[in-house]
Amino acid sequence: MPSSFDLLGEMIGLLQTEQLTSSLACPLPNALTKRQDLWRALINQRPALPLSKDYLNLEDAYLDDWRASFVPVSVKDCQKTNYTSLFLYHGDIRYLAVDAIVNAANSELLGCFIPNHGCIDNAIHTFAGSRLRLACQAIMTEQGRKEAIGQAKLTSAYHLPASYIIHTVGPRITKGRHVSPIRADLLARCYRSSLDLAVKAGLTSLAFCSISTGEFGFPKKEAAQIAIKTVLKWQAEHPESKTLTIIFNTFTSEDKALYDTYLQKENNCE
């Protein structure tokens, strides 16, 4: 069985041969981390076009190795809160073995094309595998227009431990600008649409990232308040959804502190 180092070399060779990302046509690195970065940069920039079976077989083997390199996080590993159906997980959302994770997508719904970018959209698409971009392209082709803010779409999670990914596009906030009622409602719609879709798909566990708080600039405090209030209100309006366990995933210490505070019943964002 080829090593991850060798698999990366073969994948890079195939991607460079395509010449779809010729700006990254450079010698094959000798260091593992450099190969990882080059492969990720190439696949990040690659258009949503069919891939060869040879490439997909290599990618499957490489991502299977990646998947075996960590212990997935289940609901029972998550932090309990004062609400029986709400949990917290501080860490990498890619490691969650739940029915679905929520991806903060953009209006193209094809993932992030910036090489090695640090956004959640890039991380999820890279390690779910390139089939995810193709699946999203099929959705967008059928839809025939950009994805609207506050909607939600469901795909397989492919190589991630989760079974599915729910993609939603949140509102943008210019730095220093006040959060208008319209944008607050658009963010709330992201949560409602994702919850509605999860129930429609028969899911029993759903992990939310902090939608719009990264590249889209939504203030973290207001975003956390909206997220929790929206989920609690949705639960009250959908008593039949008691079987749906909801996890709030935090990645920064600031987000964790906010959710820790607001998920105490005496501080429930009212």
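Glycine residues also receive a Cβ, built from the backbone N, Cα and C atoms like all the rest.
Listed by Swiss-Prot as binding ADP-D-ribose are ASP92, ILE93, CYS119, ILE120, ASP121, SER212, THR213, GLY214, GLU215, PHE216; the candidate from ASN82, ASN106 that the record includes in that site is ASN106. Of CYS112, HIS117, CYS119, all annotated as binding-site residues, the residue with the shortest Cα distance to ASP92 (ADP-D-ribose binding site) is CYS119. A distance of 14 Å separates the Cα atom of ASN106 (ADP-D-ribose binding site) from that of HIS117 (Zn(2+) binding site). Here the C-alpha separation of PHE216 (ADP-D-ribose binding site) and CYS119 (Zn(2+) binding site) works out to 10 Å. Taking each Cβ in turn and tallying the other Cβ atoms within 10 Å, the top scorer among the binding-site residues ASP92, CYS112, HIS117, CYS119, GLY214 is CYS112.
The local packing around SER212 (ADP-D-ribose binding site), expressed as other Cβ atoms within 10 Å of its Cβ over all shown chains, amounts to 27.
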